[in-house]
C-alpha cells in the first residue's frame with residue numbers, strides 16, 4: 001500500500017487525540033512548519049531541572065537531562081528516542097543501571113547496539129575458535145607459521161578489547177565490576193592477550209590452558225543469549241544437585257565399608273576399600289551386573305540381601321529421586337527467570353510510558369507520541385501498521401493508551417497485518433492456473449442444476 005493510502009487511513013482516524021488537531025504531523029507526508037504549541041503537547045519531562053538519576057527514577061530524560069531545550073518538538077524527539085532505548089533494554093534483558101545518562105554516552109551506546117557491531121563480535125569470536133585448526137598441534141595441511149596465527153589472534157583480541165572499551169564508555173567501571181560475566185571476559189582477554197604477545201615475541205607456541213576459554217567470547221555475543229541463559233540456569237541448579245550427590249555418596253560409602261568387611265576375603269571385587277567403591281559405583285550403571293556379585297553368591301545365597309538392597313535403594317530410589325530433584329530445580333529456575341524477564345519488560349514499558357505523556361494528561365499516551373516512538377523502536381513499520389497497532393492496544397476505545405494497555409507493546413510489534421476479503425474466495429492469491437480451475441469449479445457448483453446432475457450421474461453409474 002502506497003503513501004497516499006497511508007495518508008488516507010491516517011486522515012480518517014482522527015479519534016486518537018481529540019485535544020490536539022495535529023496528531024499526524026510526524027507522518028512521512030507531513031511537512032513541518034512553525035506553529036504554536038498548546039499546553040497539552042508539552043512533555044511531562046519538559047524543562048525539568050537536572051538532577052542525579054537513580055535506577056527507580058529513570059522515567060525522566062536521563063540522556064539529555066543536562067541540556068536546556070526550548071523547543072517542545074526537539075524535546076519530544078529526544079523522549080521518543082530514549083523511550084525506544086528503554087524498550088530495547090527490556091527486550092534484550094539489559095539492566096537499567098547501564099542506561100546512558102549523558103549526551104556524550106549516546107554515540108557509544110548506539111554504536112554498540114547495532115547489527116554491524118553484533119556481526120563483528122560474532123565474526124571475531126568465531127575467528128578465535130577457528131585458530132585451533134592452524135595452531136600447534138595441528139594437521140600439517142592447515143598449520144600456519146607462529147607469527148601469522150599469533151598476529152591474527154592479537155588482532156582479534158584487540159578488536160574485542162575495543163568493543164569492551166566502547167561499553168566502558170557509558171557503563172563505567174562501577175557497573176562492569178559488579179557484572180560477573182563482563183569481568184570474567186575482561187580477565188580472560190587480558191591473560192590471553194599477554195600470552196599471545198609472548199608467543200609472537202618468542203616465535204614458539206607453548207602449552208596454553210587459556211585457549212580452552214575462547215568459547216567465552218562466543219557465548220557472550222548477542223546471538224548466544226539463549227545459551228547464556230541455559231548455562232546460568234545450570235549453575236543455579238547445582239546446589240540442590242550437589243546435596244543429592246552428597247546423599248548418594250554417603251550411601252555408597254556405607255555399602256562400601258559393609259562390602260569390604262563382608263567380601264574382602266572371598267570376592268576380589270571387594271579386596272580393598274578402593275576396589276569396593278569402584279565396584280559399587282559401576283554397579284549403579286549395572287555395567288558389571290551380575291559379575292560383581294557372583295563370587296559372593298557362590299559362597300552363600302544370603303549375600304543376595306546385600307546386593308538386592310543396594311540396587312533397590314540406589315538404582316531405583318536414589319537415582320530416580322535425584323532425577324526428580326534436577327527436573328524440579330531446573331523447571332523452577334526456568335519459571336523464575338521467565339517471571340524476571342516478564343517483570344523487566346513491564347518496568348521498561350513503564351519507564352518508556354512516562355516519557356511519552358504530557359503534563360496535562362500524565363496517564364494517557366496520544367497517537368502522536370506512539371507514532372514517534374515507533375519511528376525509533378520499529379522504523380520499518382508503515383503508518384498503517386502503526387495505526388493498526390495503536391487500535392489493537394487501545395482495547396478501551398478511548399483514543400489514548402493507558403499504561404496498562406501500553407504494557408502489551410512487545411506483543412503487538414510482532415504482529416503482521418494483511419487485508420481480509422470477505423467477498424472474495426480464499427484462492428484469490430493462489431497460482432493463476434489454479435485460480436482459473438477453482439473459479440470454474442466455483443461456477444459449476446453454483447449452477448442451480450448441479451446437484452440434480454450429480455444425482456443423475458450416481459444413478460447412471462450404479
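Each residue, glycine too, has its Cβ placed from N, Cα and C.
Taken from TrEMBL, the feature region 'Disordered' covers 1-47. Annotation comment: TrEMBL describes 23-34 as compositional bias 'Polar residues'. Here TrEMBL flags 116-134, 146-166, 186-205, 244-263, 270-290, 302-326 as transmembrane segment. Residues annotated as domain 'Ion transport' in TrEMBL: 147-336.
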Whole-number mean of pLDDT values that fall within the domain 'Ion transport' (147-336): 85
Best-contacting stretch, by C-beta pairs under 8 Å, relative to the transmembrane segment (186-205) and drawn from 116-134, 146-166, 244-263, 270-290, 302-326: 146-166
Among 116-134, 244-263, 270-290, 302-326, stretch most in contact with the transmembrane segment (146-166) (C-beta, under 8 angstroms): 116-134
